[in-house]
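TrEMBL lists 8-35, 45-76 with the feature domain 'C2H2-type'. Here TrEMBL flags 57-115 as region 'Disordered'. Per TrEMBL, compositional bias 'Basic and acidic residues' is recorded for 57-72.
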């Protein structure tokens, strides 16, 4: 579909968005935010400040969390700073010790891991020597 095609049209007769929308989700967002369609009772986000004109029971809710966040940042700057100061510091994360893994065939996995590390070092050294020989043209 060409991005300039706008097959999704708003069906509200008084809507000013006559051109339509390229994607169905664009139309749904428009209907939800402009016309309050597709919303269940209790949907919407209100300002948590009881004296604010956008608090619950005083005004229409915000349709998107981003809009509420913008409102809080612009209208309630001092409250955000105070709320951050009142919040306790996060506890230090608990450091977990790695669980010991049992080898189903018996033996100690720690020793096997160390042997594998040593083998890996030997192989890397061999590869490095061979690479130098190839680069120098001798072989």
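Glycine too: its Cβ is placed from the backbone N, Cα and C atoms.
Mean pLDDT of the predicted structure over the domain 'C2H2-type' (45-76): 83. Note: the compositional bias 'Basic and acidic residues' (57-72) comprises 8 helix, 1 strand, 7 coil (DSSP; helix = H, G, I, strand = E, B).
Across the domain 'C2H2-type' (8-35), DSSP assigns 11 helix, 2 strand, 15 coil.
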